[in-house]
């Protein structure tokens, strides 16, 4: 039998079962419109940079809910150079983009579902208006949870003006929702240092409006007013401070006899220490590290600097994930607790060459200095879980011999001349709120504590509190720990709390 010619009919022939040769139907060649594109052509420098940027942004967006509406904007114009108004024509704010307000409103509504204590306070006390006449200037992280606090304070009768206490933690869509709701907010994600102080000044220095209460996180707002507008303290009734850094600064002022008004130390309240500092950090440390580095925790050697409540939470979480955790601590009680919890107590210089991750959570400065970073292994991850950005000596890394390489949002490789590199997260600022999110329920307790402290200081009769730093009264501290475990009533013109 003659075999079909493979060249005949373009090779389109085949043999049937009975041995006959059949011709296959001719197939038309399909021409794609983009077939002539040169796919093997190397991209230009601009193309490569754009591709790298788009990959970096998309990966970051997929990791962070806070970045979902924040980093996708191509508008690089500084908010300070924009003229924006909300739907009611109000322009007393400075944010990234007012058009993101709808997205922010949805996030706030979701947060309200996980903040039962604060919502209970709003429901119980909004009829009494215990903050009527209060003019509160605040400097905290501007997130959906903070928005619920601000709207609660407003429902209780207060007027609020707000700035961010961290240049990376602001959720732009939430700031937009607050501005649309009539709040004077001055903050956006990625502020410069100059922007940071400008925003605080815009909150404080406004014609026809002077604050009589301060809600601070870190002490920067208090410091700015003390430095630039000291006469304002004549009308300020009190300060509420929630961070260990800010509390230290208040105690320094008090010791020097320079504290002009009563201050409430919320950071050392039981609810803040045991819930926010411990449980919040226990969950958010893993979230922040995963979103930024995709690191596997099992088998990694980690050193946690500080074994306060934040350090306890971080150490417990990493130990549960299979990490080998070392702890450094100078306080003997906390050091003994670390030993009893099964952690090896070390000095930082004993393990700095071998660890894979270094986490600071002391509230002090220069905990990790250049000497230690010079000795770190290649690829070591360095991050901070304390409020202050001075725990890691980042300034010492900005020298000509070191190269900085931005890998993705909030992740930098610092490269030494020999090729060694360390991974620095959020430029040494607070990891969880800069790079991820925190549990809303825990923040509900802290926010409720802050609101109760503001009410207490604002309504306290003259002479109850002197120019000193006070802890939150126990009945309010315990009341904030329950879902609706307090009531508020007026007796002889003074608001009184009862734990149920």
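Glycine is no exception: its Cβ is also placed from the backbone N, Cα and C atoms.
TrEMBL: automatically predicted annotations, no manual curation.
Features of the protein shown, as given by TrEMBL:
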REGION    38-89  region 'Disordered'
COMPBIAS  42-51  compositional bias 'Basic residues'
COMPBIAS  52-71  compositional bias 'Low complexity'
BINDING   143, 217, 242, 272, 276  substrate binding site
DOMAIN    277-438  domain 'S-adenosyl-L-homocysteine hydrolase NAD binding'
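A map of TrEMBL features onto the structure.
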| residue | record | Cβ neighbours (10 Å) |
| --- | --- | --- |
| 143 | substrate binding site | 24 |
| 217 | substrate binding site | 25 |
| 242 | substrate binding site | 26 |
| 272 | substrate binding site | 26 |
| 276 | substrate binding site | 26 |
> Over the domain 'S-adenosyl-L-homocysteine hydrolase NAD binding' (277-438), what is the model's mean pLDDT?
Replying inline: 95
